[in-house]
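As given in TrEMBL:
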| type | residues | note |
| --- | --- | --- |
| COMPBIAS | 96-108 | compositional bias 'Basic and acidic residues' |
| COMPBIAS | 109-123 | compositional bias 'Basic residues' |
| COMPBIAS | 129-138 | compositional bias 'Basic and acidic residues' |
| COMPBIAS | 139-150 | compositional bias 'Acidic residues' |
| COMPBIAS | 172-181 | compositional bias 'Basic and acidic residues' |
| REGION | 96-181 | region 'Disordered' |
Amino acid sequence: MDYNYGVFSLLNWDEVTCFVSENSSGLSENKIRKTNGESEKPVIIPEMPKEKKGFTVPEFVRNVMGSSAGAGSGEFHVYRHLRRKEYTRQKIIDEMGEQKIGRANSKEKSKRLRKKAKRKMLKTSKVAAKPEEKKQSSSEEEESSEDENSNADLASDKIPLPISLESNQENENTKPSKEEA
């Protein structure tokens, strides 16, 4: 027989066990202990409480302060309670706003960091590719310069020099050099 009296659980008349729990997870732990591995009995574990949604504005405000000059001492306590309630409501609204702003800032920051990392990666890949390009371009330039030199030799034989250049070359040959004079 299984009798439950609050936190006491009488499993046998000879044995009395006591489990004290402070929260919902402790209660579910007690339920698991009670089953002792019996898979036939279902164990209900409560879900974690979700985030508070905040206060809603009431449609009708019941505790309206009177405007009489001789308000009693009870009115002060009502006023104090309403003031404290309003301050906590405003505090929660401010915290929720800060959380939204913090989330937005973190998203923007992560986007900026991703873009920066991508730019840096592209830049390093370009820097790494430059020496390879230089090697390839220098070998291509050497090949093309050799081709141009051989083509230039052939072209100089075939193309006559302009008249002004021919006359300058003749003048240089006919002028006496300073060493001779």
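Using the three backbone atoms N, Cα and C, a Cβ is placed for every residue, glycine included.
TrEMBL entries are annotated by machine, without manual review.
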Tally of DSSP helical, extended and coil residues in the compositional bias 'Basic and acidic residues' (129-138): 10 helix, 0 strand, 0 coil
Cβ-Cβ under 8 Å with the compositional bias 'Basic residues' (109-123): same-chain residues at least 6 beyond its ends: none
Number of helical, extended and coil residues in the compositional bias 'Basic residues' (109-123), per DSSP: 15 helix, 0 strand, 0 coil
DSSP-derived helix, strand and coil totals, residue by residue, for the compositional bias 'Basic and acidic residues' (96-108): 13 helix, 0 strand, 0 coil
